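Asker: To start, I am sharing the structure in question, which I have written as structure tokens.
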């Protein structure tokens, strides 16, 4: 039995799913251990049932995992004082509970994909001398992975040689196409919504729509009402109701691309686990620089302007984007660079945004659209998950002999 642990955000969970799919294909049984918080349950936790284990729930409905456990843990890094101590205590308490899960399933090894929810199972693996394998998705190693790496059998990182290819999900690989003309743009604010990207989309919309560019916009649940209202004030015909804002994308057939004349001028939605169908319809993307976003856009051959989240741990999104931009595989602009030169540091980006800078960058990307899209298509190797799981299973086979 193999444990896959970690998550919290979509980037970590996308890796977990890709590796789980490869294990499932090989008929290697696996369980998942995550957290009650973050997005873990959204991805893997349907029809939750009590597991009978302290501080956790188990789901028996996942098609990829025999069981999924969600522990009462939360992040440690960005907390201070009592809250930090409480989070550390919860992690250690959950680690002792994980021992029962290991015993129940006869766990052979643990694969960590990072994130705070990877803590208890990874620490339990070290304590019980179970082989630990780590996938570090970012160019800069996360705090937890830095602590655990010396105890791991292997650390996989697609940014540093010798590295395996990033484990891209098959849906992205199947949807790749070379972009030759700029007809549509997608703004990705992430599942939680990135206000800076939402504000940029709203301010750029009049000029984009005037050019006949179709807009696809994921704004996050928290910002949906504000963003929808702003689009309505811009042009009431863009969205007729809240339902149309949420269901617009569902009217698009993900199995076939629409002709430009029939496609909506605006597709607005808060969150969709099947983001690939929206990315597939875009010619240019504006997004944060989380690892999964960067590599999946590369797999789709989708040219992207990256706006790194400025408060990411160790500024890892900046380093992720830099890895690609140094090779001419996209463009990057920071939130600070998007500001007008005379704006106050305390002024919100919404009022301080320098649209001229953005459109200059957009024009640069459009001028090199086909070249960048083609280069991206040549960057991705399709068997990342396969190579990682093969390496892990060979290591385990060697340990057994």
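Cβ atoms are placed via backbone N, Cα and C, with glycine included.
Keep in mind that TrEMBL annotations are predicted by a computer and have not been checked by a curator.
Among the features that TrEMBL reports, domain 'Glycosyltransferase family 28 N-terminal' is placed at 2-156. Residues or ranges marked as UDP-N-acetyl-alpha-D-glucosamine binding site by TrEMBL: 9, 10, 11, 138, 191, 317. Positions annotated as domain 'Glycosyl transferase family 28 C-terminal' by TrEMBL: 185-352.
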Asker: Where does residue 9 (UDP-N-acetyl-alpha-D-glucosamine binding site) sit by DSSP, helix, strand or coil?
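Answerer: SS state of residue 9 (UDP-N-acetyl-alpha-D-glucosamine binding site) = coil.
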Asker: Specify the count of other C-beta atoms within 10 Å of the C-beta of residue 317 (UDP-N-acetyl-alpha-D-glucosamine binding site).
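Answerer: That number is 28.
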Asker: Given the binding-site residues 9, 138, which one is most crowded in terms of C-beta atoms within 10 angstroms?
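Answerer: Result for the most crowded candidate: 138.
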Asker: For the binding-site residues listed here (10, 11), tell me which residue's CB has the most neighbouring CB atoms inside 10 Å.
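Answerer: Within the set of binding-site residues, the most crowded position is 11.
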Asker: According to DSSP, does residue 317 (UDP-N-acetyl-alpha-D-glucosamine binding site) fall in a helix, a strand, or coil?
Answerer: helix
Asker: Could you tell me the mean pLDDT over the domain 'Glycosyl transferase family 28 C-terminal' (185-352), as a whole number?
Answerer: 83
